[in-house]
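A short worksheet on the structure shown next.
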Amino acid sequence: MASPLDATISRLSLTGEDGSESHAETPGSETSEESRSYQTCTHTALKVLGGLLLVLCVSSSWVGTTQVVKLTFQSFSCPFFISWFSSNWNILFFPIYYSGLVVTTREKQTPIQKFRECSKLFGEDGMTLKLFVKRTAPFSILWTLTNYLYLMALKKLTATDVSALYCCHKAFVFLLSWIVLKDRFMGVRIVAAIMAITGIVMMAYADGFHGDSFVGVALAVGSASTSALYKVLFKMFLGSANLGEVAHFLSTMGFFNLIFISCVPLILYFTKVEHLGSLSSLPWGYLCGLAGLWLVFNILVHVGVVLTYPILISIGTLLSVPGNAAVDVLKHEVIFSVVRLAATCIICLGFLLLLLPEEWDSVTLRFLATIADKKTEEHGEELTDSSIHTRSRSRANGTVSIPLA
């Protein structure tokens, strides 16, 4: 017959064996979980770092584009020709995309085969002349209007004012998406839209509702409006397009601009609305630099949305406002009035509010609830530690605490 001591020893040995077996299985699972979490954290960190670098590139390219436009206007004041010339560079979108695809994935398809594959964006039968005009014409016209009005506004206002007013396009996108696409209503975004409108009115009031300042504000707001309409229509008709199809579409827009809109600069030239001069007298250095920066900005925006977080692209656009302000103050010695500074800050704050995700309220409540639960757990652990300490002191003094029934 086994003694109680033997039974206790056997129970302890079994517990030790079980503990050793579970301990033998735990390291493998813990190691795999740690490796997965490490890979996830590394991927997220690289994505965030790449996004931050992309933010700087987007902001720098947009600031550079705006400032080069101001420099070009000093010797060549033909905004529509500049807009048309820069838009023609969109033709390079698909060749650049295909080159990057070959370098990164060793693409075996020929450029023609890849182009035809991406042309399914226009339908199962690919791109026909009718679909080419029907799908491309509205977007190309809106693209040209956005750029032309932006350039016209830069003739009237500083780069800081125009870039700040252009940020209102985010509010217009929300309003159009809410009305046309039936997106979710969000009170905070309505507040942001009201702030954007308030900033516009204050910017127009800064120099009185007359003269070049008011006209410049109207042109900048018009550019933001056409940009918002372009983005909403793009989301409506081409929202599910991948990067290759987007590159194909933008190159197609460049071809449409070259073929059909080339008549407009000629009309403006012969009617003497825009004085081009001879080809040799054109500032080709500024024009090519401007078109190149504009192309880089558009590539970064469309590629960045796919490779990193879209919110970072919006932040990069917003950072162009302080970037242009720094250049205006340091180089052009611009002095901003209090009203203009307040209007710019209000517009930027509204832009930031528009970046809040749709579930921001529930996410915030869950975050606050988690913090409250942690504080409750910490308080409970402190009470437990204090009670254990009290019991140990009672035992040390030879007293016994008897719980009440």
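Cβ from N, Cα, C; glycine included.
Taken straight from TrEMBL:
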- 17-37: region 'Disordered' (REGION)
- 45-64: transmembrane segment (TRANSMEM)
- 51-204: domain 'EamA' (DOMAIN)
- 76-98: transmembrane segment (TRANSMEM)
- 132-151: transmembrane segment (TRANSMEM)
- 163-181: transmembrane segment (TRANSMEM)
- 187-206: transmembrane segment (TRANSMEM)
- 213-234: transmembrane segment (TRANSMEM)
- 246-270: transmembrane segment (TRANSMEM)
- 282-301: transmembrane segment (TRANSMEM)
- 307-327: transmembrane segment (TRANSMEM)
- 334-356: transmembrane segment (TRANSMEM)
- 380-405: region 'Disordered' (REGION)
- 385-405: compositional bias 'Polar residues' (COMPBIAS)
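Below 8 A, the CB atoms of the transmembrane segment (45-64) and the transmembrane segment (282-301) form 3+ pairs separated by six or more positions in the chain. With Cβ pairs under 8 Å as the measure, the transmembrane segment (132-151) is packed most heavily against 246-270, out of 163-181, 187-206, 246-270, 307-327, 334-356. Each of 76-98, 163-181, 187-206, 282-301 was scored by its Cβ pairs under 8 Å to the transmembrane segment (334-356), and the highest score goes to 187-206.
Outside the transmembrane segment (307-327), and at least 6 residues removed from its termini, the chain residues within Cβ reach (under 8 Å) are 47-48, 50-52, 54-60, 62-63, 66-67, 158-160, 163-164, 167, 170, 300-301, 336, 344, 348, 351-352, 355. Sequence-distant residue pairs (6 or more apart) of the transmembrane segment (282-301) and the transmembrane segment (76-98) include at least 3 whose Cβ atoms are under 8 Å, placing the two stretches in contact. Highlighted: of the candidate stretches 76-98, 163-181, 187-206, 246-270, 163-181 has the greatest count of Cβ pairs under 8 Å to the transmembrane segment (213-234). As a quick check, the transmembrane segment (187-206) and the transmembrane segment (246-270) miss the bar of 3 or more Cβ pairs under 8 A, pairs 6 or more apart, so the two do not touch. Same-chain residues lying 6+ beyond the ends of the transmembrane segment (76-98) with a Cβ under 8 Å from its Cβ atoms: 69, 107, 111, 114-115, 118, 140, 143-144, 147-148, 151-152, 155, 243-244, 247-248, 250-251, 253-255, 257-258, 261-262, 264-265, 268, 274-276, 282-283, 286-287, 290-292, 294-295, 298-299.
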